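The structure appears right after this line, and notes come after that.
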Amino acid sequence: MYHQLAVLGLVLLLTYLSQSSPYHLAVKLWRIIIYVFFREVKARGTYNIPKDNTPVIFVAGPHHNQFLDGLLLSSEVLRASNRKLSFLVAEKSMKRIFVGDMAKAMEAIPVKRAADDAKPGNGTIYMKSDQPSTHIYGIDTKFTTQLESKMSISLSSSLGGAHAEVATVISDTELVLQKEFNKEQSRKVLLSAGDANVDHAINYKVLPYIDQQNMYDSVYKRLEDGGCIGIFPEGGSHDKTDLLPLKAGVTIMALGAMSNNPNLKVKIVPVGLSYFHAHKFRSRAVIEFGTPREVSRDLVNLFNEGGLSKRKACGELLDTIYNGLKSVTVQAPDYETLMVIQAGRRLYSAPGQHPTLGQVVELNRRFISGYLEYKDEPKIKQLRNKVLKYNRRLQDLGIRDHQVDSATKSFWKAAGLLFYRMELLFVWGTLALPGALLHLPVFFTAKCISKKKAKEALAASTVKIKARDVVGTWKVLVSLTLLPMIYLFYIISATIITRKYGKLLGLSDEVINWTPLWTLCVLPFLGISALKFGEVGMDVYKSLPPLFLTLLPGKENELEKLKSKRIALSNELTDIIEEYGPKQIEHFEKKRVLSSHESQQKEPSTTGNNQTTMQWLDEMLFGWSATKKADENSNPSSRDDESSTGEENYETVGEAGDFDAVASFLEANANSNKL
């Protein structure tokens, strides 16, 4: 009977999937993968997505997670508005197995890139200091046969990856560029090669001229049909804390489409992507849709004039797009500033207070905006230094900011709580162990290959810091490749074992015959169990260090001082916000993310009478409460603090670190069972 139910379930699933269009089927499959990779995905501002057949260009940034960014955006747009979103994908990627098939199913528009057809140039090149910087000279080069007008030459990534368009080829050893190389480092190296009597001339590559008119025509057609286009105007993915300079291609798409069709009204929707450790498995993401911007007909008229007017129209629209992205993204000039901002945001939240993912992103954005405007004020400089010292002290002690409050318990309470959590850790670890062991080859291989690919990407890039933007993508791709192979191996192994030893184990013929199907059903269940139980177990495990620290002789006074310092910093920060907030934000009180009384440091209140037995026991034995969140979207999963550029040293798993993270899983399942 059970195997018949399993077969019926598979038939119903296949029937459901077969009724979907290729696009919907592809997005549904990727959505499953997305929600396995990410622990939580929070969408904000989906009401800003035009629901009718209005032509829309979604401009998203920062591009911190390579292929996953586009998949996440497509999934959320389809879920919120049931609209298809087509991305521009490199023609080279469209020819790859699986990736190309999925891109075609998702109605991607192919883009031919000159870099994909680059070839090594003959000989070496250099520049002369007494000649214009647009003149390039060669040694053993064949400019007349390898190059022509509109083609480009590029240098290696170690020289900044500079490239320039060829204007005129004079001879086999001399040519003139349309403009000088776009990287000062490259110009200096080429000049030094010329000054050194060309002993150190530079290698180069030849890039063909690509006519992108076919691509633009495809975009125009999609927009004229009332479709949606998705684009990352920064170009390639990266892991910097700020946006890269935007490319003008998106402006040509919008203005060109409206130029071709006077009745067309294109809207541009800025989309902000914020990740909490984007490169890590089971991380969190926030995707925010900004207010749609309608492309002005005046800019289209300016665009139609051509020449400098066309350039001006593109520039003005690009500024509008950039300002739109600024309103939905978290941008910091450097990593240290980002760490200070996030530390300040944590200090602004009182103990036991749990902002949602959306509130965390909004607070980070406001803190950065205010800091950049008032960073030269003496009060701000002084507070920054204090926060940096506080952060360093946390690192020295091996604890995180949200654990300071729980680390100052009495010896016996800390000992009891430690024993209690270690029991929980044993339970969750035991439940997660079978699935974790079975999937260990996939996890290990994916991690190793993703690290290798990150090194390769870093070596080939001039903008990446640690190339973490490619790690998540490669983890997913490797897992998708290995998982079917591993499952097939387990199914074959289980079938062989049951057929050989099934009778000795007392198994019936029915069980033996249906072993492949049962194994196929059990393996995903064990994988999901490993995910859910494992991540809750990790939450418990990461809450243990401050308890161990509390039990060490002589540390209690030190932790009390640290707690007092935190309270003082929090109150000082709150006073500064009360002073500068109204200057920075109009109608400050109405637009507050956290009310002023919520951000004041105070003792946690006890919960009401609606407590579970475990919560009541926790409160009575250990003196801490698992307070209920008012926001229905708030949960223990929404307490991570770091942005997509956050280091693992600052990773958090819960502001309170108490039983909330453990009980939430059981509570969620209990509620679902009631439904």
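Placement of Cβ uses the backbone N, Cα and C atoms for every residue, glycine included.
All TrEMBL annotations are machine predictions without curation.
Values in this document were obtained by computation on a predicted structure and should not be read as measured data.
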Which range is coiled coil per TrEMBL? Of 160-187, 216-243, 384-411, 552-579, it is 552-579
Cβ contacts under 8 Å made by the transmembrane segment (476-497) with residues that lie 6+ beyond its boundaries: 33, 37, 67-68, 98-99, 438-439, 441-442, 445-446, 449-450, 515-516, 519-520, 523
Average pLDDT across the domain 'Phospholipid/glycerol acyltransferase' (57-276)? 87
